[in-house]
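Q: Have a look at this one before I ask anything.
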Amino acid sequence: MAQTDVIEGVDGRRTFAIISHPDAGKTTITEKVLLFGNAIQMAGSVKGKKGPHAKSDWMTMEQERGISVTSSVMQFPYGGRTVNLLDTPGHEDFSEDTYRVLTAVDSALMVIDGAKGVEDRTIKLMNVCRLRDTPILSFINKLDRDIRDPIEVMDEIEEVLDIKAAPINWPLSSGKTFKGVYNLYTDTIHVFQQGMGHTIPDDIQIKGLDSDEASELLGVDADDIREEIELVRGATHEFDLEEYKAGKLTPVFFGTALGNFGVREMLDGFVEWAPAPQLRATSTREVQPTEEKFSGFVFKIQANMDPKHRDRIAFMRVCSGTYKRGMKMKHVRLGKDVKIADAVTFMAGDRTHVEEAVAGDIIGLHNHGTIQIGDTFTEGEALKFTGIPNFAPELFRRIRLKDPLKLKQLQKGLQQLSEEGSTQVFFPLDTNDIIVGAVGVLQFEVVAYRLKDEYKVEAIYENVNVNTARWAECDDAKKLDEFRRKASINLALDGSGHLTYLAPTRVNLSLTEERYPDIQFRATREH
Ligand code: GDP
């Protein structure tokens, strides 16, 4: 382990998320990272049946389907730092959720399957990271299998993801003949041992690529490998801390998550280089993490994480100051002071009460319907953190009840599911219909399942003639009012009461935009 000095407080915080294409190994590497962080006794319990995720009923659905719809936070100590790992939902349909999680981190770890290289979802997530120039560390996984030529994979990262790639270590072969990794900066070989997936393996090192010990390890391939590494040194970028922090260069590590090899080297690099909590933009000024007064924003709401509690948790990223148990905070949108007595965090799945949290930490607030995604909390100042958008849905269904007497439950359920960002709900001005909107089709299934499971309502979907939605805004109240009257047939209020234009076709949308030039039609809405 590289670090022995312990850094307390904000400077020692490292808050990150893992981004990857499904099956690249995100879950497996999360397990190993938690193993190193002593957050779990034995690797292998993150996705397992007895694992923390097995708590809630509707989560059985995600287990059956092999997808992760939940997003949680794990805090653990490593190398003298306090690491916050934010889990991102893995399925494509939940990109909106993932987007919001990425607004709450200071850096990301990109996991790439060495045999597959850069895949679709990695590209999309990388684009999201680029919006905020989030620093990215890379881990090329599955070296215990035959992978593609590592030089080719490095080239692909540079070309497809448009970021410089700087290898920190280099694999010594792969698959059956995988011998370990060679650190280009310390001239040290870390030797791979098989069968150590569930333990913290000893770090067996050989000093010097040209040493006799190295020759012995590499055997007949020794000369070829030395030549290849010489070539790699000349042909790849050198690591540069400033470029990494600016999101322009990614340090690359090789290893196997399943074999728990190379993960330690990656983690050591991570705690040394990854940025401490960064400043955050608000609508009025930038907030420094070291400011004394508390502030934070809500980036995720999760309903009924534990069916016995039947509560909702609002995940808040602390941006400045210190949260102390029992403190009063201002709920800026409501202009109200609230006392937060029982914030929670999720240490490898178990709820623990937080006594104190600083910038970079995530705390969970119990939400009884007053907190929405994007809400800012402060110690008094009327700040509003920016950059947490809603996306216009692309798929729409009318929702109908099997039992009409359950309208109240349906409305309550949809209201809550829309607050946590699982779906968007629209109430047309001229009819009593309820229309739900989603970014991906799987969201509809999840909503129907959860309505039944948690709110005991059986809902049926019907097709509806809506192609796209736009939030309608105008500074001139008179003009907005006129628009509201004249176009009411296509207008609705969303779950938070914002006026929304539901366009039956793209052509209709263009015509309407032309007809009402003073109205702004927005495809994203800031929370
Ligand atoms: P996720 O979808 O990104 O969370 O991927 P998982 O961690 O669930 O891994 C997908 C599959 O790849 C699982 O069957 C893992 O056991 C396997 N896997 C993950 N890491 C490695 C590795 O280093 N080597 C090999 N051979 N398989 C791996």
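Even glycines carry a Cβ here, placed using N, Cα and C.
Grabbed the feature section from TrEMBL, which reads as follows:
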DOMAIN    11-278  domain 'Tr-type G'
BINDING   20-27, 87-91, 141-144  GTP binding site
Q: Translate the DSSP assignment of K26 (GTP binding site) into the three-state scheme.
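A: Its secondary structure by DSSP: helix.
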Q: Got a sec? Which of these binding-site residues, D23, K26, L143, has the most Cβ atoms within 10 Å?
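A: Answer returned by the neighbour count: L143.
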Q: If you draw a 10 Å sphere around the Cβ of T88 (GTP binding site), how many other Cβ atoms fall inside it, taking every protein chain shown into account?
A: 23
Q: For S20 (GTP binding site), which residues of its chain lie six or more apart in sequence with Cβ-Cβ distance below 8 Å?
A: K26, M110, V111, I112, R121, T122, L125
Q: Across the whole of the domain 'Tr-type G' (11-278), what does the mean pLDDT come to? Round it, please.
A: 86
Q: DSSP secondary structure for T88 (GTP binding site), reduced to helix/strand/coil, please.
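A: It is coil.
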